[in-house]
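J.: Just dropping this structure here.
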Amino acid sequence: MGQRKPIVAGNWKMNGSCELIKEIAAVSTQVSSEQCEVLIFPPAVLLSEAISAGLTCGTQTVSEFESGAYTGEIQASLVKSLGANYTLVGHSERRSIYGESDEDVANKFAQAQQSGLTPILCIGETQAQREQGKTEEVVKQQLEAVIKKLGIASLANSVIAYEPVWAIGTGLTATPEQAQATHKYIRDLLSDYDKHVANALRILYGGSVNESNSELLFAQADIDGGLIGGASLKPQSFKAICESAKG
Ligand code: PEP
């Protein structure tokens, strides 16, 4: 992992409660901040509560627009003003359920950065794409949608989450070797654009990470922590996952 400080980020999706915020806040204080950065992505309606409890937070998505008549959308600048620092963009559930295209994701990435949020750009292939040998092609296209719009320098203030879609919420995890191979491909691809940006960038793995598989995944040279769904709702599991990330 070199000098890259690992991140363990919990994506609560449309789950969680004020009670869970208290429990996760309690366990996160037991994780050394030297060891890893702990981030929580609660539902947007719980953001203030989570920030007040001392958690470092972000939203699960943001609008690509600055402000205006977009009923129900989440305004990035308001998220920032509440004291949050991050947002996910392009989570596979946003892409598949809500039809977000690579272009939409690049626009959200841009809006997040303009508002002072650090985007965590989620990328990854479906099972069919992996079976067709298209994993690298897919992640390249997802990354280049952002690079073409905003330039490689924009990635300096971002985080990547590689999440094979077939591993999200399924209990199927990429093996450490499979995950490392794609993480290395991503870093090498970015290195061709800018070595410094590529070396400093944190690339998280996501997809059914739990306390039994996190240590081996996080030990891989190009894996800088994880984006955790289901297990981030279980305080003791989440704590164990955080402890397995070593800076
Ligand atoms: C996710 O939601 O990004 C995720 C990786 O979920 P899970 O850990 O449940 O597979």
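Cβ from N, Cα, C; glycine included.
Unlike curated entries, TrEMBL annotations are predicted automatically.
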J.: For the substrate site that TrEMBL gives with N11, W12, K13, G169, G229, G230, which of S48, S52, S191, S208 also belongs there?
T.: S208
J.: For W12 (substrate binding site), list the number of other Cβ atoms lying within 10 Å of its Cβ atom.
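T.: W12 (substrate binding site) is surrounded by 22 other Cβ atoms within 10 Å.
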J.: Looking at Cβ-Cβ distances, which residues of the chain lie under 8 angstroms from G169 (substrate binding site) while being 6 or more apart from it?
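T.: Non-local contacts for G169 (substrate binding site): S208, G229, G230.
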J.: Taking the binding-site residues one at a time (N11, S208), which has its Cβ surrounded by the most other Cβ atoms within 10 Å?
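T.: Going through N11, S208 one by one, the largest Cβ count within 10 Å is at N11.
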J.: These are the recorded positions: K13, H91. Which one scores highest on other Cβ atoms within 10 Å?
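T.: Most Cβ neighbours within 10 Å: H91.
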J.: With the substrate site defined by N11, W12, K13, G169, S208, G229, G230, which remaining residues of that chain have Cβ atoms positioned within 8 Å of the Cβ centroid?
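T.: Neighbours found: N15, I168, I228, A231, S232, L233.
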J.: In whole Å, how far is H91 (active site, electrophile) from N11 (substrate binding site) when you measure between their Cα atoms?
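T.: N11 (substrate binding site) to H91 (active site, electrophile), Cα-Cα distance: 10 Å.
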